[in-house]
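Engineer: Positions annotated as ATP binding site by Swiss-Prot: Pro90, Leu91, Ala92, Arg93, Gly94, Leu95, Gly96, Ser97, Ser98, Ala99, Ser100.
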Amino acid sequence: MTEQLHLKIPASTANLGVGFDSIGMAIDKYLHLYVKRIEEEEWEFTYLNSELDSLPKNKDNYVFKVAQQVASKYNVKLPSLSVEMRSDIPLARGLGSSASALVGALYIANYFGNIQLSKYELLQLATEIEGHPDNVAPTIYGGLLAGFYNPDTKETNVAHIDVPDVDIILTIPPYELKTEDSRNVLPDQFSHKRAVQSSAISNTMLCALIQHNYGLAGKMMSQDGFHEPYRQHLISEFKEVKAIAQQYDAYATVISGAGPTILTMSPKEKSGQLVRALRKAVTTCHSELATINEIGVVEEIVYPS
């Protein structure tokens with residue numbers, strides 16, 4: 001028997017309102033991958049929960065394609081692998097499910113190809129493939145990060161921010177919203193004046209988070225001009241969730257990533273009341289308390305006993 005690679009990969013929420021394509025935070029929902037060598041010629045994919053059944057089980061699987069892409073880049077040949085997957089990250093809901101799969105594929109290629117990539121190099125690869133660091137960076141490192149990917153130099157730089165001392169509430173609609181569809185409603189360009197305003201709001205939000213001034217941070221998050229005004233109509237529950245959250249003194253209610261999940265930052269003393277109120281009023285969605293993941297990917301090698 002051979003050793004097995006176990007990966008526990010967190011979900012992520014991106015943007016936090018005004019941090020479009022640059023700010024992200026890891027969340028305590030996980031993609032679990034159990035990977036081992038097999039004698040068969042083709043990779044085998046097994047899904048351990050029904051929510052994953054729509055995913056391909058052949059060479060069209062995203063994990064397979066990314067792993068082979070990395071192997072080719074470093075001129076290594078991967079063995080045939082059995083990949084068992086279990087996930088409580090809902091697909092196409094704005095919680096970074098594709099970023100988690102991408103990061104998992106990088107770790108698989110790194111281990112079974114014996115490439116010896118550092119976390120920094122894993123981040124560079126992930127961002128080059130994804131195009132922006134807002135999901136992949138917190139998925140790899142955990143916590144709350146801001147980052148920038150330079151497409152000319154293909155370099156990504158990230159900065160860690162103290163994890164906010166707040167409670168997070170996720171309100172997850174029953175329907176999917178593909179990132180591509182959500183991006184198609186965004187304008188191609190902004191005026192210089194509009195860009196300066198949005199940049200100032202984003203800068204102020206970051207400084208407020210650093211100072212643990214969550215009231216000010218939330219005020220800035222709610223003034224996004226990059227994406228939320230154009231996407232809110234795609235999420236019919238957004239206005240109702242935001243109105244209820246305001247009744248319980250929430251700091252901010254924003255779209256998680258491309259949506260449709262709605263993220264609320266709440267004072268800890270009000271979060272329980274708020275999530276129960278949301279469950280009672282917004283019955284079409286699932287609302288729950290979530291925890292910020294601070295450690296990122298957990299990698300374990302398990303040997304047969």
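Placed from the backbone N, Cα and C atoms, the Cβ positions cover glycine too.
Note that the structure is predicted; figures quoted are calculated from it, not measured.
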Engineer: When you average the Cβ positions of Pro90, Leu91, Ala92, Arg93, Gly94, Leu95, Gly96, Ser97, Ser98, Ala99, Ser100 for the ATP site, which other residues in that chain have a Cβ within 8 Å of that mean position?
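Structural biologist: Here the non-site neighbours turn out to be Ala11, Ile89, Gly257.
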Engineer: Since the record lists Ser98, Ser100 as binding-site residues, which of them has the fewest other Cβ atoms within 10 Å of its Cβ?
Structural biologist: Ser98
Engineer: Per residue, counting other C-beta atoms within 10 angstroms of the C-beta, which of the binding-site residues Pro90, Gly96 reaches the highest number?
Structural biologist: Gly96
Engineer: Long-range same-chain neighbours of Gly94 (ATP binding site), Cβ under 8 Å, sequence gap at least 6?
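Structural biologist: Residues satisfying the criterion: Thr13, Ala14, Leu177, Ile255, Ser256, Gly257, Ala258, Gly259, Pro260, Thr261.
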